[in-house]
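Enquirer: In case it's useful when we look at the structure, here is the feature table from TrEMBL:
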TRANSMEM  B:12-32  transmembrane segment
TRANSMEM  B:60-79  transmembrane segment
TRANSMEM  B:91-112  transmembrane segment
TRANSMEM  B:132-152  transmembrane segment
TRANSMEM  B:178-199  transmembrane segment
COILED    B:199-236  coiled coil
DOMAIN    B:345-415  domain 'Histidine kinase/HSP90-like ATPase'
Amino acid sequence: MVFNIQRHNLKWLLFIITICIISAVFFYNIHTPKPEETTIRLGLFAGSNWNVPSGESYAVIDTAIKNFENSHPGVKITYVSGIRKQDYAEWLAERILNGDEPDLFMVLADDFNLYSSMGILQNLDSMAENDSSFDTSAYYQAALDYGKYRRKQYALPFESMPTLMFVNKTLLAKENIPIPKDNWTWQDFLDICRRVTKDTDGDGTPDQFGYYDYTWQQAAASNGLQLFRNDGKFSYFADNKMNDTLKFMIELKKTNLGYTVTAKDFDMGKVAFRPFTFAEYRTYKPYPWRIKKYSSFEWDCIEMPSGPSGRNTSELDTLLIGMSSRSKHKRITWEFLKELCYSSETQKLLPSLSQGVPVIKAAVESNEAKQALLQDAPGEEKMNLSIISDVMQTAVSPPKFKKYSLAMLMADSEIKKIIDGTLPFNNALNKVQKQINDLLQN
Amino acid sequence: MHIKIYSITVMHYFLYIFNAIVVFFLAGFMSITQTKINISMSAHSFLSSISAPPFSASEIIIFSSCSFSILIFLSTFYRRCLLNQNNQRRYILLALEICACLIVMRSINMAYDGVILLVVADLVSGYRGKNQRIILTVAMLGLYLIASYNLIDLRLKMIPLDAYISYYDQPAQGILKAACNIFTSFNMIIFVIYMMLLVQNQHQEKERIQSLNEQLNTANEKLRNYAIEAERMAETRERNRLAREIHDTLGHALTSIIAGLDACLATIDAAPAFTKKQLQVISDTARNGINDVRRSVKKLRPDNLERLPLKDALYQMIREFSSASGMQIELQHECWPQNLREDEEEVIYRIVQESITNANRHGKAAHILITLTEENNWLKIIIKDDGTGCENPVKGFGLRHMQERLMLLHGALAYEGHGGFTIKAAIPLNRGDVYNDKNNDSG
């Protein structure tokens, strides 16, 4: 009796298992393209990563795709166009949840750590090591480091965005101050700010200022301060360098004589210095933006001032492209990733077709790049191109761990209170460090 | 007994079915929630709350249903191996079953560990003796350690069920959590009932074996008594036989001698010549008596039958008798009955021997035909001679003796005296099988 029941069930089970296997094979086939034509899907967002208006956002990518398809017959590269940057994170998350994320996709800075730790991004180390045509020393270190998670490379940089100090040449000339040299210091910065801040029209309030929008983060970076331990579990806010930075920021704030400088003051040519990203420079320098926004003064860019323990550096913002760990064509995808992020052909196009800076040293120093940059600069305003390369060389990559944004937000509000004088300076940094460490460790 | 086993089997299938329902419910819940998350544009916040890339909605369903089917298949196969006592295959199957169980749990993100009880149920029902206690303990411990999600959280990245549940609003969350708890508890209850039945079954099995053992002991005791009884009966029978022999030979001869001598005492004076003649007769009678005694003693001695198989003994006897008496004796048989017991062989031999002796002594026959046939499980022996025969044969000691021997075997005897003497004896052949236990049960 018992035996009979089991025999009967065994037949049923075999039948069910067969059906399961058949359906699995069927689904697998649906999701797998035919071998004759390999399709690599690409995940991109429209517009610029640097929050500046951008006309032809796919120009560089399209050229790279055309080149790659020509050199690799049988490979087709597709992408969905028109996804805005603000929708991109959700779009990519939906694809990942569906299990059909693109083989290659742009990784937003906020999502990089999440996707690396989840294992969605492919670890590229072994591919890079086994590829003799690939050499990491071609990259600017800070750009390459930005694609690392726990010392492993999970994405390659596509373009970078250094921060430069913009100088109102007209204002400095009026005050008879020479444009600072590239290795200028905090002290120089303070001196100039003190000299230019004055009341020119005699209405009793100052209407000419030294700086606008210079943050304590930028100061900390140029003072050689590492704010977080590499594993993101500990912070160094109580460091002496941070102490110096805060003292400097308080001094600097004093130069404004209690007046809150606005963006309008800068636009009207009343401010001597303002940190700007390269993208803003590239966007607003050429016609027609230049006329529209900053017509009243001449301006140029120099490196950031260096602190007593640091160099003339800034944090480098970088756009990353990563590979899906679930991609079915990893080899050919890696080739295309190199075409985008390593080939100097593609990278050389960035200065002319995009607002970013190439991440390959050779591409920045190439003649094409120089031509592209000079072309935009009107009249006698020749930009000193070596600045870009120098800034890229010395730049540091900001840390990326899950709680980074949150920790920085918290630290920012506390430190702003210290700079504004609402919190007493004594021992305040120790408290901040303790508070941030509590956040990081829980 | 059968009903008990049947209810265990039913309980076990119930365990399968319940787990199948829970696994498919959870897989369905996860895949539906994932689809809903995608539709409601909250994929990014969902991904931020988890630490591993989830399977896609269809993958969860396929993965869980395939692995669960494999688990059930292996479990069923394992249970069949238990019946076959195939140890090596059993261990392999058990290992595979544990793997399948882990895959099932992985496919539903370790949200439900009740499937472990399926494996534990198999482990326990396959539990045989002390040397397997270690395997049982290690396997159960390992499974539970793996199942306690926190232990392997760091190595195998799972998506906690709470991440899915937290997508829904507060009242629905409560219901879902309660449902999950009910699943786990209910599964536990089914498992405990199954275990109880299993233990009860094993207990009853033990009791049954114990009672069978007692029955066996009683039967053994009875058998021993029977053996003693049989021995005593054999003794009695032998004593009776001796009595018969003495009565047949010595008694008869002595009676004749006493009667003759009494007559001689009366006549010796009146007619000495006649008396002398009579004494001669008495002397003959005494001599015959001596011969009979010799024959009897010879009979007590081991003879042909004890040395040879029945068939050879019969031929030997016929050969000896015909050469001594000059009679022509023929033995015909279609087939020779197999598996005759010793007492049956003895009876057959004695009947033939007695009949031949009778034919020679009383019928003065020249030819004897002995036929052995087997018919409807009866062995028939017909001994036919061409002697003077006997119109109305009186049942002498010889014939009665034959009848008695046959009756002990539940056989029958018939004879007639027209145109020579014919003896027909029949012995039931299946009689001995009555005590065969195996056939008794089948019958």
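Heads up, the Cβ atoms here are built off N, Cα and C, so glycines get one too.
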Enquirer: Could you tell me what the rest of the chain brings near the transmembrane segment (B:12-32), counting residues at least six beyond its ends with Cβ under 8 Å?
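Expert: Beyond its ends, the transmembrane segment (B:12-32) has Cβ neighbours at 54, 57-58, 60-61, 63-65, 68, 72, 75, 104, 107-109, 111-112, 114-115, 117-118, 121, 161, 164, 176, 183, 186-187, 190-191, 194.
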Enquirer: What same-chain residues lie close to the transmembrane segment (B:60-79): Cβ under 8 Å, and 6 or more beyond its ends?
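Expert: Sequence-distant neighbours of the transmembrane segment (B:60-79): 16, 19-20, 23-24, 26-28, 30-31, 34, 54, 90, 93-94, 96-97, 100-101, 103-104, 107-108, 115, 118-119, 122, 125-126.
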Enquirer: Using a Cβ cut-off of under 8 Å, list the residues of the same chain at least 6 residues beyond the transmembrane segment (B:91-112) that approach it.
Expert: 22-23, 26-27, 30, 54-55, 60, 63-64, 67-68, 70-71, 74-75, 77-78, 81, 118-119, 122-123, 126, 139, 142-143, 146-147, 149, 156, 158-161, 180, 183-184
Enquirer: Of the residues in the domain 'Histidine kinase/HSP90-like ATPase' (B:345-415), how many are helix, strand and coil by DSSP?
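Expert: Counting residues per DSSP class in the domain 'Histidine kinase/HSP90-like ATPase' (B:345-415), I get 31 helix, 21 strand, 19 coil.
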